[in-house]
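Working notes, beginning with the structure itself.
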Amino acid sequence: MLQSLAGSSCVRLVERHRSAWCFGFLVLGYLLYLVFGAVVFSSVELPYEDLLRQELRKLKRRFLEEHECLSEPQLEQFLGRVLEASNYGVSVLSNASGNWNWDFTSALFFASTVLSTTGYGHTVPLSDGGKAFCIIYSVIGIPFTLLFLTAVVQRVTIHVTRRPVLYFHVRWGFSKQAVAIVHAVLLGVVTVSCFFFIPAAVFSVLEDDWNFLESFYFCFISLSTIGLGDYVPGEGYNQKFRELYKIGITCYLLLGLIAMLVVLETFCELHELKKFRKMFYVKKDKEEDQVHIIEHDQLSFSSITDQAAGVKEDQKQNEPFVSPQPPALADGAADH
């Protein structure tokens, strides 16, 4: 008897705080996923880094042996300056001296990466004025970009997602949930093909040092706004049509980001994902829900009446062969 009561009380406690338990498991799962990624990256990349360090030490030792007039501190000072300039996008190599980092097309590409929060890091402002302007430009531009992307994605989602799903649901009688799932999968496949596989093939042809995997890696890192900066297109030696190429990459990044947000919005509207997300949310109190319902009803009622009044006025104005009567004539007709 006592065991059954204790078990029922535990079940009630778990059900009452179900959202908190789910949120706790979500946090634990995220932390474990971070640790898992760190372990895999460390085990894969650490041996390669060790080999690279050994190779650089051998090259440095050999260079000092061949040039005895040069001391090791002088060489390290020169290499430190070269690496510092390389971090700012300036190369000392003769085959890379022809590319400027701050011409108009490169600056346009840099502005797009800043506003989209991609931030490759291959080019950064050098002057104090450029750094100060970058701060002000980003503070205003990033919210502006979010507003712009939200408005564009909302309009595109209506024509690309909601209307097709509603059409097949109403016209053909299919289940709305099934149509939404099939549509989301097809939209994801088309987006991956048009903004990942095809551009990766194009980049692998236009960039001499990139294979298909590296090109696909660049597309994913860019459109996911990770922006590591280890691969940046248009920075090769004697890149043909570099200005036009940079403008094309800027357009690709903006369109690809919009496409990714549309796909994400489409998947987020699925009933199954909405139900899954609610498991981790804090439930609202009943009083708050009632207040929101009342406010929503009042807003809906007022908007419906306003729309109805606007439609009636438009119909009166658009009625053919009917001319509006002057107020004086209308009053006279009413008196007669």
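From the backbone N, Cα and C atoms, a Cβ is placed for every residue, glycine too.
The feature transmembrane segment is assigned by TrEMBL to 21-44 (among others).
Taken from TrEMBL, the feature domain 'Potassium channel' covers 95-156 (among others). Across the domain 'Potassium channel' (95-156), mean pLDDT in this model comes to 86.
What TrEMBL records for N95 is N-linked glycosylation site.
Here TrEMBL flags 135-157 (among others) as transmembrane segment. Long-range contacts of the transmembrane segment (135-157) within the same chain, counting only residues at least 6 positions beyond its ends with a Cβ under 8 Å from a Cβ of the stretch, are 111, 114-117, 257-258, 261-262, 265-266.
Panel annotation: around the transmembrane segment (178-203), residues 160-161, 164-165, 168-169, 210, 212, 215-216, 218-220, 223, 233, 252, 255-256, 259-260, 262-263, 266-267, 269-272 of the same chain, lying at least six beyond its termini, place a Cβ under 8 Å from a Cβ of the stretch. Taken from TrEMBL, the feature transmembrane segment covers 178-203 (among others).
The domain 'Potassium channel' feature in TrEMBL is assigned to 192-268 (among others). Secondary structure of the domain 'Potassium channel' (192-268) per DSSP (helix as H, G, I; strand as E, B; remaining residues coil): 54 helix, 0 strand, 23 coil.
According to TrEMBL, the feature transmembrane segment maps to 215-232 (among others).
The transmembrane segment annotation in TrEMBL covers 244-264 (among others). Proximity of distant same-chain residues to the transmembrane segment (244-264), defined by a Cβ-Cβ separation under 8 Å and at least 6 residues beyond the stretch ends, is recorded for 105-106, 108-109, 112-113, 116, 118, 149, 152-153, 156-157, 160-161, 184, 187-188, 191, 194-195, 199, 206, 219, 222-225, 233-234.
Residues or ranges marked as region 'Disordered' by TrEMBL: 308-336.
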